[in-house]
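Q: What follows is a single structure, and I will ask about it in a moment.
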Amino acid sequence: MLGVQAQKPPPGQWTTPPFDPRFPNQNQTRNCYQNFLDYHRCVKTMNRRGKSTQPCEYYFRVFHSLCPISWVQRWNEQIKQGTFPGKI
């Protein structure tokens, strides 16, 4: 039987995002998109207030865990070009 130390993930490894009651269904596409928006809104708000963006790291970890890399890259390119359809 494995000990408690052997069951812990190594440092720096991602864990599964916790359950979000806003998205109870198996399809997590909307959850991915919403956490991407929440992260960018959080960073924008914290920068505007001159505070640390550390509280925004939760949203970053969740959307990086749920979203395909190609989606995130496309959304970031759209943000840079000013063509992103979401409200940030």
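Along the chain as shown, residues are numbered 1 onward.
A Cβ is built for glycine as well, from the same backbone N, Cα and C atoms used for every other residue.
Features from Swiss-Prot:
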- 1-26: region 'Disordered' (REGION)
- 29-75: domain 'CHCH' (DOMAIN)
- C32-C67: disulfide bond (DISULFID)
- 32-42: motif 'Cx9C motif' (MOTIF)
- C42-C56: disulfide bond (DISULFID)
- 56-67: motif 'Cx10C motif' (MOTIF)
Q: Go ahead and report the DSSP secondary structure tallies for the motif 'Cx9C motif' (32-42): helix first, then strand, then coil.
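A: Taking each residue of the motif 'Cx9C motif' (32-42) in turn, the totals are 11 helix, 0 strand, 0 coil.
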Q: Would you kindly give the Cα-Cα distance separating C32 (disulfide bond) and C42 (disulfide bond), rounded to the nearest Å?
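A: So the alpha carbons of C42 (disulfide bond) and C32 (disulfide bond) sit roughly 15 Å from each other.
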Q: Between C67 (disulfide bond) and C56 (disulfide bond), what is the CA-CA distance rounded to a whole number of Å?
A: 17
